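Enquirer: Copying in the features that TrEMBL gives for the protein in this structure:
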{"type": "REGION", "residues": "1-25", "note": "region 'Disordered'"}
{"type": "COMPBIAS", "residues": "1-10", "note": "compositional bias 'Low complexity'"}
{"type": "TRANSMEM", "residues": "81-105", "note": "transmembrane segment"}
{"type": "TRANSMEM", "residues": "125-150", "note": "transmembrane segment"}
{"type": "TRANSMEM", "residues": "241-264", "note": "transmembrane segment"}
{"type": "TRANSMEM", "residues": "276-295", "note": "transmembrane segment"}
{"type": "TRANSMEM", "residues": "333-351", "note": "transmembrane segment"}
{"type": "TRANSMEM", "residues": "371-392", "note": "transmembrane segment"}
{"type": "TRANSMEM", "residues": "453-476", "note": "transmembrane segment"}
{"type": "TRANSMEM", "residues": "482-501", "note": "transmembrane segment"}
{"type": "TRANSMEM", "residues": "513-536", "note": "transmembrane segment"}
{"type": "TRANSMEM", "residues": "542-559", "note": "transmembrane segment"}
{"type": "DOMAIN", "residues": "709-769", "note": "domain 'CBS'"}
Amino acid sequence: MASTAPLLEDLPMEEEEEEGRRPPLNRALLHRSSANNTSQVAMVGSNPCPIESLDYEMIENELFDQNWRTRSKADQVRYVVLKWTFCFAIGILTGIVGFVVNLAVENVAGFKLEAVSALMEASSYWTAFWVFAASNLVLLLLASSITAFVSPAAGGSGIPEVKAYLNGVDAPNIFSLRTLAVKVVGNIAAVSSSLHVGKAGPMVHTGACIAAIFGQGGSRKYGLTCRWLRYFKNDRDRRDLVTIGAGAGVAAAFRAPVGGVLFALESLSSWWRSALIWRSFFTTAVVAVVLRLFIELCGSGRCGMFGQGGLIMYDVSTMFDDLMTYHLKDIPTVILIGVTGALLGALYNLLMEKVLRVYNIINERGGAHKLLLAAIVSIITSCCVFGLPWLAPCLPCPAAGPLSSAPDGTCHELNRFRRFQCPPGHYNDLASLFLNINDDAIRNLYSTGTNDVYHPASMVIFFVASYALGVLSYGVVAPSGLFVPIILTGATYGRLVAMLLGSHSGLDHGLVAILGSASFLGGTLRMTMSVCVIVLELTNNLLLLPLIMLVLLISKTVADSFNSSIYDLILHLKGLPHLDGHAEPYMRQLTVGDVVAGPLRSFNGVEKVGSIVHTLRTTGHHAFPVVDEPPFSPAPVLYGLVLRAHLLVLLKKREFLAAPERYPKEYVAGRFQAEDFDKRGSGKQDTIDDVQQLSPEEMEMYVDLHPFTNTSPYTVVETMSLAKALVLFREVGLRHLLVVPKACDRSPVVGILTRHDFMPEHILGLHPVLLGSRWKRLRWQKGAVAKYFRSLIVWVANIC
């Protein structure tokens, strides 16, 4: 993919002997290269982009300390009020966008499907197909075109990019206003095109975009600046806002406020605190209130085809309460569903990874190939969705009940059942699933008291098609999500399991469908708490809590034995350097001195301008150690760390000294302001080329770096284990970690650790001998399966 470093599985390995002994070490493997060979380019959306690390560290220097001391009590209160005001505004806007997306999908897709149904009832079958296929193709090409040519960062679900950002990885345009607009419009078009994708993932990215725009601190370009807003021009506050926005996106997608908070906590965020929980919960509550308000406004039919059933609420508690019961004898069925969901989820992730690799090769050829791939997937989808219902039998509407026949010959539309090619008084169960938006199809499958509504053959066909189309659809260059298709596929096989068990299970088929969705979510996404709460909020039934908890624990545990979660696999495929929460075992065998790379570039406390310019032009480093030497100190000593962005500000201001001496304190306070060094927005940074040409006389002058140097950077001694350093680096949210020597008679700085120094590609590239000690979960590999199968045969033979 985007990374130029070899994949871990491609690194050279000696085959282990059959007895399982490790091969003898070769001294040549101990050769250590001196440079970090990991790529700093990753796939963001659908295009490769340069990536940078975020810096959540609190900078402490003379200028910033003076700025904090001058802040009044009113400034502090204003800052707190602004944080809560932003949360309220994020909730309002995310709720409005979530409603608009659902409203547009319900009406665009609904109008298309109603037109096709009308043509089918008029026996204009070919015309119905061409209308269906052409409208799908136009909608998907619209979504793919604006994504490929306007904002490639809007492609996909956006959850891997948000997760990487909250882990400390930044990339251009992932939260820009253009990305937000393309994400909303493209997702509406993609979901309305009958593509097997969902709205939840893009809504997470949408909420994060809205929050990140608030965190930009205004815009100098458009004159939208305010002294108050500059408080948020740092990575720490922007990280909090993006976390809150992502949780609000989940709440807007599923009307699940508590689930949104837990989703951001469990799946996205790498750093959390109690104050952030309060603000996130407040924001998701605002989203829930906004959505409820719009639902009431649309309840009387003033929003077209968007009615009381919109905004995904599969309420199974208001009807057939007597069917939502279970007993101890049903536990084996629940265990079976959990194991089945785990196996199907692990296979789903494996196939998704293979397909995405192929799609990436195609998409790298240019915009025309992206559109061609989208067109091919759209045609395949249209043929399956329209063609497969012809294989289903026509079922008569029940004589009484919610599906009883209406005067026009159609079944009552409690669940929007379709006649398709069937005669009056009958319905096509497969068309009722295919020729509906995903929300209505899930609502059909979750309905209780409908055990005899679906034919087993129809369930098999729909499950296979839904499973395959879910794998094929996601890699298309368009805003698309995985959550809803996974829910739909899981609900299908849940009903199928209930049908196969028959009288051996007393569970209602609708309830088993809900458990199937939960197990498939656990098998693919590998989340437990957030998925459990989201499913409960979707179904509005707390009676399901014990069963959903059990099925999620089983599915996640079993699926983890095969591969990683789908989002972790996509992060790896995109080349995003995400730091995991656990340290690999080989990291305990290494010290930070074993991986730190050189050569190290440092500055004196008072440095010549020409030296600074030369270093900035010849290196890409974003921070440099500042070392005081005589006459500013008796011996070389580490003074701190100065950022590249701050050096560029100093060069632009041209406040130079004719002699190597320090600035007077009054001089710094009068010539520099803290806001001059504010962090720019996401993906934006100044370069040395932005500095106007310096004269030869200026190049020979000096800059005092002391007032602008972070005097308390995080440091580790060179003998610290790499595993311990990783915990510090990730938990604090660092961009640079200084390595200092053990002995006092050496240079005060050994090197600087960055995110890429902790990447397995870099570490194992330096020390390939450690490849055999990589972290290994209990996972079933081909060799292990064959070995245990042979052992089982021998054991059975001995018994017999």
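Cβ from N, Cα, C; glycine included.
Let's see these features in context: how buried, what's close, how far.
Expert: Beyond its flanks by at least six residues, the transmembrane segment (81-105) meets 184, 187-188, 191-192, 199, 203, 206-207, 210-211, 214-215, 228-229, 231-232, 237, 240-241, 244-245, 248-249, 251-253, 279-280, 282-291, 294, 298, 303-304, 306, 310-312, 437 of its own chain at Cβ-Cβ distances under 8 Å.
Distant neighbours of the transmembrane segment (241-264): 86-87, 90-91, 94-95, 97-99, 162, 165-166, 175, 199-200, 203-212, 214-215, 232, 272, 276-277, 279-281, 283-288, 291, 311-313, 483, 527, 529-531, 533-534, 536-538; these residues of the same chain sit at least 6 beyond its ends, with a Cβ under 8 Å from one of its Cβ atoms.
A Cβ distance under 8 Å defines the sequence-distant neighbours of the transmembrane segment (276-295), meaning residues of its chain 6+ beyond its ends; these are 83-84, 87-88, 90-92, 94-96, 98-99, 240, 243-245, 247-248, 250-252, 255, 257-258, 260-261, 264-265, 308, 310-311.
Counting same-chain residues at least six beyond the ends of the transmembrane segment (453-476), those with a Cβ under 8 angstroms from any Cβ of the stretch are 140, 144, 156-157, 190, 195-197, 344, 348, 351-352, 355-356, 358-360, 363, 373-374, 377, 380-381, 384-385, 388, 391-393, 395, 403, 429-430, 433-434, 447, 482, 485-486, 488-489, 492-493, 495-496, 499-500, 509.
A Cβ distance under 8 Å defines the sequence-distant neighbours of the transmembrane segment (482-501), meaning residues of its chain 6+ beyond its ends; these are 157, 196-201, 253, 312, 333, 336-337, 340-341, 344, 348, 433, 438-439, 441-442, 445-446, 451, 454, 456, 459-460, 462-463, 466-467, 469-470, 473-474, 507-510, 512-521, 524-525, 566.
Counting residues per DSSP class in helix, strand and coil order gives 24 helix, 12 strand, 25 coil for the domain 'CBS' (709-769).
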Enquirer: Looking at the stretches 125-150, 333-351, 371-392, 513-536, which one shares the most CB pairs under 8 Å with the transmembrane segment (542-559)?
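Expert: Highest pair count goes to 513-536.
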